[in-house]
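J.: For 7, 8, 9, 10, 173, 174, 179, 184, the entry in TrEMBL reads ATP binding site. Taken from TrEMBL, the feature substrate binding site covers 47, 74. What TrEMBL lists as domain 'ACT' is 264-338, 344-410.
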Ligand code: ASP
Ligand code: MG
């Protein structure tokens with residue numbers, strides 16, 4: 001008998017009615033003769049509300065206590081969903097993260113799963129029960145409750161699927177799959193039948209919120225077959241797997257975009273061997289995430305350096321650098337806010353030169369100036385003015401033919 005892991009996100013469990021609906025869908029899989037493990041997020045906006053409660057008490061909550069608090073959200077959903085299933089004549093049993101054997105590293109608020117002790121779940125599965133496990137939480141070897149970072153329930157689902165050798169891990173959510181771009185801003189966007197782990201990982205890291213990047217990474221490492229699909233509709237979703245043929249020989253699979261970026265430029269940095277490491281260690285100490293970095297040679301002993309960060313980190317970045325101007329050894333800093341990053345992603349790029357060139361040409365034809373560029377084997381990102389972000393995404397979507405209806409070329 002095959003095992004299947006089904007994850008439901010918070011928006012699919014926001015009311016008791018939706019919980020009952022989820023129970024019906026789960027019952028279908030059970031009736032098909034599968035062993036079923038369900039992983040759930042907290043109901044609706046519960047996690048946000050819990051965060052707000054803490055904010056009302058202190059600006060600086062201990063991370064251990066935050067994890068203790070946030071872990072309660074998922075505990076509400078597991079018990080209610082188990083009740084709903086049992087009420088329908090489907091015996092179910094709920095498991096917290098620690099009961100489900102999700103062992104994590106000793107890090108609060110963003111822990112990684114290091115082990116899954118699967119025996120207790122397997123025992124209940126063999127008794128014919130449906131398991132309803134809490135996503136997003138785990139326990140350290142010392143018995144401390146941890147959480148996996150916002151959106152971390154996806155990772156719990158994939159980790160359980162890997163440990164159980166499940167035939168598939170279904171991520172049921174409020175969209176029907178992974179799209180070529182965000183359909184709210186790119187009307188031609190369409191659902192992809194399939195996408196590779198690497199492409200999905202790029203898209204998830206570029207802010208496609210549909211899957212947590214760590215969950216994709218975990219699925220890739222453990223070869224877990226993933227499917228993103230609707231929590232209410234029966235239609236097929238998007239399968240994420242190792243090798244996916246390019247439909248219609250398309251080179252690009254998706255266009256992603258992200259706003260709220262700032263480019264910061266450091267002028268006249270002394271060309272010392274430790275120059276760069278000192279600057280970026282200072283930023284890292286202040287927990288400022290740096291994205292694209294460009295260093296240009298000016299003359300023999302001075303260099304200029306540009307990098308992109310989130311708008312929200314701008315003031316902190318400027319403060320940190322200015323306060324250490326002497327030690328870091330630069331002349332001045334300038335920044336440009338109101339920027340955005342638009343990216344194209346596709347495994348087909350590896351063997352097709354000229355994709356970046358085509359992207360730059362397409363943007364130039366629309367008079368969209370490129371401020372910074374970064375590439376990986378399967379991605380090209382361009383930083384542009386935020387006001388032109390949607391236009392850039394639409395143009396690229398069209399130029400790379402992503403609206404074309406898929407023909408199966410498997
Ligand atoms: N409830 C957590 C969150 O809102 C975890 C999850 O939903 O995956 O981030
Ligand atoms: Mg999510």
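In case you wondered, yes, glycine gets a Cβ from its N, Cα and C as well.
Remember, TrEMBL labels are computer predictions, not curated facts.
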J.: What's the CA to CA span in angstrom from residue 173 (ATP binding site) over to residue 47 (substrate binding site)?
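T.: Answer for this pair: 17 Å between alpha carbons.
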J.: Using DSSP, what's the helix, strand and coil tally for the domain 'ACT' (264-338)?
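T.: The counts are 27 helix, 28 strand, 20 coil.
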J.: Give the subset of the binding-site residues 7, 10, 47, 174, 184 lying near ligand 1, defined as CB under 6 A from any of its atoms.
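T.: The binding-site residues passing the 6 Å Cβ test are 10, 47.
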J.: Rank the binding-site residues 74, 174 by the number of other Cβ atoms within 10 Å of each Cβ and report the first-ranked residue.
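T.: Answer by Cβ density within 10 Å: 74.
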J.: Which binding-site residues among 10, 74, 174, 179 have CB under 6 Å of ligand 2?
T.: none
J.: Can you grab the distance from residue 179 (ATP binding site) over to residue 47 (substrate binding site)? Cα atoms, rounded to a whole Å.
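T.: Checking the Cα atoms of residue 179 (ATP binding site) and residue 47 (substrate binding site) gives a distance of 26 Å.
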J.: Got a sec? Which of these binding-site residues, 7, 184, has the most Cβ atoms within 10 Å?
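T.: Result of the Cβ crowding comparison: 7.
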J.: Between residue 174 (ATP binding site) and residue 47 (substrate binding site), what is the CA-CA distance rounded to a whole number of Å?
T.: 17
J.: Taking only the Cα atoms, work out how far residue 47 (substrate binding site) lies from residue 10 (ATP binding site), in Å, as a whole number.
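T.: Each residue's Cα considered, residue 47 (substrate binding site) and residue 10 (ATP binding site) end up 9 Å apart.
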J.: Between residue 8 (ATP binding site) and residue 74 (substrate binding site), what C-alpha distance do you get in Å?
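T.: Here the two Cα atoms lie 11 Å apart.
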J.: Below 8 Å Cβ to Cβ and six or more residues apart, same chain only. Which residues does that give for residue 9 (ATP binding site)?
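T.: In sequence order, 41, 153, 171, 172, 173, 174, 231 meet the Cβ cut-off.
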